[in-house]
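One structure below.
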Amino acid sequence: MENFLVYVLGLVLLNFPTDLVADVIVPSTNPLAVGSNVTLNVVPQSPINIGTWSHESTIILFVYPTGYSVTDIYQGRISFNRSSSELFIRSLQLNDSGQYILQGFEPSKKTAVTLIIQEPISNVTLRANTIDVVEQNDTVILTCSASSGSSPSYRWLNGSSLVRASDIVRLVDGNSTLILDNVTRYDKGPFKCEVFNGISNETSQPIYLNVRYGPTNLTMRIIPEMTTGHTAYRTGSDITLSCSAESVPPASYMWRFNGASLENPSPQLSLLNVTENQTGSYTCLAHNNVTLRFALLTRIIKVVEPISAVTLNHVGKLPILDQSFTLHCEVTGPVDRIYWLKNGQLISLNNKTLFYMDNNTMVINSIQFSDSGEYYCEAVNAANNLTSKAYQLVVNFGPERPAVTSLDISMTGHNVTFSCSASSQPPSQFSWFFNGSQVATGSVYEAGPLTLASQGEYTCVAFNNVTGRNSTASKTLTVVAPVTMTMIKVEGAQPILNKTFSLTCETTGTVFSIQWMRNGLLLHDDETTQFSTDNKTLTFNFVQHSDNGDYKCSAFNPFSNMTSPDYRLIINFGPEMAIIAGPALGETGHNMTFNCSASSQPPSQFSWFFNGSLVATGSVYEAGPLTLASQGEYTCVAFNNVTGRNSTASKTLTVVAPVTMTMIKVEGAQPILNKTFSLTCETTGTVFSIQWMRNGLLLHDDETTQFSTDNKTLTFNFVQHSDNGDYKCSAFNPFSNMTSPDYRLIINFGPEMPIIAGPALGETGHNVTFNCSASSQPPSQFSWFFNGSQVATGSVYEAGPLTLASQGEYTCVAFNNVTGRNSTASKTLTIVVPIISVAISTSGGQAVEGDSFTMTCNVIGQPVSIQWWKNSILVHLDNTTHISMDNRILTFNPLQQSDQGEYKCVTSNGVNNRTSNPYTLLVNYGPEQPIIVGVAIAQTKQRVTFNCSASSQPPSQFSWFFNGSLVATGSVYETGPLTLASQGEYTCVAFNNVTGRNSTASKTLTVVEAIKSLTVNQSTIPIASANLTLTCDAVGIYDTIYWTKNSLSLDLSNTLNTGIIISNNSLHFVPVKVSNDGIYQCVAINVFGPYPSPQYQLLVNYGPLSVNVSLQGPMRNGSEVTYTMQCYADSRPTTEYHWKFNNQSLPETGPSMVVVKSLKNAGIYTCVAINPVTKIEMSNTISLDVTGHSPAPPFLSRVCLMLILLALSHTL
């Protein structure tokens, strides 16, 4: 058989044309898994008469004009579709990878596609060099591997996020190793690696990193929170300070008060029943005993006594419009400020509102309506604020000019109500006058029942018995009589279309105006409608249909109106054009109805005529049962007995008979393929048209189907398979139609060319089955012949067990006993012997990189082809990989790491194929350049860990050297605690005891001394306008120092910070100002980050800036009358107060002093304020004039005194 194939291929190649057709092979899937199936589709689909399908250099099948032949190695594994050239391959193996070629010789074409067969990924594992790390200090190496799977690729995930390479993330060894330099807290994972190829993927179990970090983001929460607007807590409060920081492991905490440590190693500090001496700075320190890092945060807490009571009262008389009014605020407890509010809004000082006695007293000059409202006073100190109860201020006034409300006009017999109102506080009293005579009291006066004598002027007088004022207003009332009757009357004859017609509106009572309406809409003069001068008469000129409707007239005066009942106007007319409704066609035996109508008022009378003879009266006429004699002209006459007019209309009726029978009949012989055949449609009744249908669709004339002139006969010229189907004919006239029953047409044909299904190759000892089929009506009978001799009958023939003598030609004959025709097809069967076993042997010794290495494929049997596969992919030949002429020997010279893998040799012939057991080639190599993972810089007393790794087979052994001296063995080396002497070069040496090679890598470690302490010191006590220097004292090595204020970097460009100079780690205030108050820190920075000092609170001492002295009183205390002097000065710290009287020192101290009213205490008082820190002294004075406050004599005493003086003057 092989010689036959070679011979045929030779003949084909001698005649092989050069004009190739460009087709494309599209696999159903690619790449594919071992054991799966694939279909190779040729696009566009096209058959080939002669050609081959090949895998690399091995022929899969040969196609020839009468069939195709599959080589033995692919028997049972492939299916081929001749019509599309599609190839189907079952149970794919790794050795099925490679190029598949479709070579067409007739027609000419050549196209190829490469299939990749892969093993699935399995048993993915993930390893880490360490999982316990310190943020920004340590490096983690994650290694991913899979126990099996071809052409693996790697993908890394941190949680659900894809890991990508960056400055601190490295992916090496083909992405199978992930290196995280200087890990952060966000690197805790879970880390997973996904290994995938073209057919599968698998993800490892997760690894979590234990990242130790912090403390960072230190926060302090104070409970309760400070009340909005206050800066201090009340004495007796319970305060809890809670400190928290981001830290793993959790941080330990310490507390300081004003710089002194507290015995409270907890994140929470409780202050119970606080007093004023607990005011100060509280500092929280957080420390991580693993990372050896710390953070601190300071807050200021102030404690003061609260305000306990606030009351508000008026002083003197009640508020009266345009007079002064005084309110006084009494406070119990220390007060910083007093605010006054009106209706919830703050009151500010203005020309009419004045404040006295440190805002305790408010005076409103010339009180107005706008001053009405709710007044409060609010006392404030640092701990709390307290507001008095509301004082409701109402201003007395009035009355203003009254307002009188009532009707201006009314009808006799009705009542009228007058209402009077005037703005006044308290409310006014009212009196009523009619034409000058008093008629009633009170704000409301009702007059009536009215007569014409009730018309005149009504006056209201408003009186305020508090202000003694009165005010008046008047109103005039007019009285009239009502309309009592309205009705429409007709003038002249009844309304006739296109004639004149009039309506009159009759009324009783005083009428000022009349209006007309039709159907509820107001009427106006136009070309056809006119009104009389007083609107009483409505005239229609040539009345029209549009004038139909309901008419009303309405009469009006200023006090009443009346509308007439409806008058309905209907116009007489017609008849207009008559209309007949009914059919133009009728069927014998049926009845027919005609309807006649004509527009008319009153309605018309109707008469019917048939062909000129009267047949009926009335608007409806029914004719029937119809006969052919009923056909003719029907006329309707409409008559109006009022107008004397008539109108006529006519309609013609046609009568016909129905169709009663339709049937299809066959003309001539039965239907035979490619012969003429006719069908006839037989009918009974009057037929106007005939239609033919096949399978429910209308038929039309074409090249193969023709109709007779009257459509009764349907003729098929050379009947075809496409003419099979169910046929009907339908007959029609204008009144009825009928469709025939179905006639089913079936065409006799065949047999056509048989098709033999079965293999072209067979293996000795096996059976083969051939199936024969041929298209035919009726079905064919089959016979089988082997090399010309009959061997069986029927469509299926099984041959076997096969021997070499079974090789030859098998022929199927199909016969149709109706058409008397037969048709034959043949198939050639080739018998071959199988391959028995395949094994791989090697040249001996271990495989070492750089040496030569040989593998041999040992085969028992006669292979047609031998292929070598590595990791399920066909071995690629290059300058270092060679293969012998017969493909049996595979040589690597020199051997490389990339040659490592699983090898198989695959053999095949025409009937079977065998694959050797896998041989795993493990290449010894290395070590390659080591990688050292570890920090490059560290602080004294820290420990540093170095990790060394090198690619090597077998794995390397490691040694560590420091500045040339051996210090340790193993891949991991930990130093420490570090000193400055630990600085230098650390070298890792990797050694492979198989290859005898070593490789080195070095890393330089820089050690810097850690910052031990940092403090802020002041040069002197801070006093406003004096110079001050803050110095940052640091113990340890640092790169730079910067300053912060209130936790923000100190910005010297800010106008609040003018006069501040930074020089040599010192902060110079030239001079220091109150605006410089705040919390200051200096921060030292080295390579390990910022190191802040404890907080330093700068409070600048100043003042006193001014001294204010006020006098409160007089106040009666029993039998004594006293005054209180208040002194206040703006100062830090609070000033000390001393008092002088007429420039003589007094023993009293403090901001206030009480003086008893007497002549000896009248004089000049001086308040002296002294700041104990700044030593600044200021003073202010106030005069106490006792005589100015003597009580005035009673009014009667003053009158008597004036009379005595007058009498004495006359005597003298």
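Just so it is clear, glycine is given a Cβ too, placed from its N, Cα and C backbone atoms.
Keep in mind that what you see is a predicted model, and the values were worked out from it rather than measured.
Under the heading signal peptide, TrEMBL lists 1-22.
Among the features that TrEMBL reports, domain 'Ig-like' is placed at 120-210 (among others).
Annotation comment: TrEMBL describes 224-295 (among others) as domain 'Ig-like'.
Annotation comment: TrEMBL describes 306-394 (among others) as domain 'Ig-like'. Confidence for the domain 'Ig-like' (306-394), expressed as mean pLDDT, is 87.
In terms of DSSP secondary structure, the domain 'Ig-like' (402-478) contains 3 helix, 45 strand, 29 coil. The domain 'Ig-like' annotation in TrEMBL covers 402-478 (among others).
Residue counts for the domain 'Ig-like' (482-572) under DSSP, split into helix (H, G, I), strand (E, B) and coil, are 3 helix, 46 strand, 42 coil. According to TrEMBL, the feature domain 'Ig-like' maps to 482-572 (among others).
TrEMBL lists 575-654 (among others) with the feature domain 'Ig-like'.
TrEMBL lists 658-748 (among others) with the feature domain 'Ig-like'. Secondary structure counts, DSSP: the domain 'Ig-like' (658-748) has 3 helix, 46 strand, 42 coil.
The domain 'Ig-like' annotation in TrEMBL covers 751-830 (among others).
Under the heading domain 'Ig-like', TrEMBL lists 834-922 (among others). Residue counts for the domain 'Ig-like' (834-922) under DSSP (helix as H, G, I; strand as E, B; rest coil) come to 3 helix, 44 strand, 42 coil.
Taken from TrEMBL, the feature domain 'Ig-like' applies to 930-1006 (among others). Residues in the domain 'Ig-like' (930-1006) partition by DSSP class (helix H, G, I; strand E, B; coil) as 3 helix, 45 strand, 29 coil.
As annotated by TrEMBL, domain 'Ig-like' applies to 1009-1101 (among others).
Under the heading domain 'Ig-like', TrEMBL lists 1104-1183 (among others).
Counting residues per DSSP class in helix, strand and coil order gives 3 helix, 45 strand, 32 coil for the domain 'Ig-like' (751-830).
Across the domain 'Ig-like' (306-394), DSSP classifies residues as 3 helix, 46 strand, 40 coil. In terms of C-beta pairs under 8 Å, the stretch of 402-478, 658-748, 834-922 lying closest in packing to the domain 'Ig-like' (930-1006) is 834-922. For the domain 'Ig-like' (1009-1101), the DSSP counts in helix, strand and coil order read 6 helix, 48 strand, 39 coil. The listed stretches are 402-478, 658-748, 751-830, 834-922, 1104-1183; of these, 1104-1183 has the most Cβ pairs under 8 Å to the domain 'Ig-like' (306-394).
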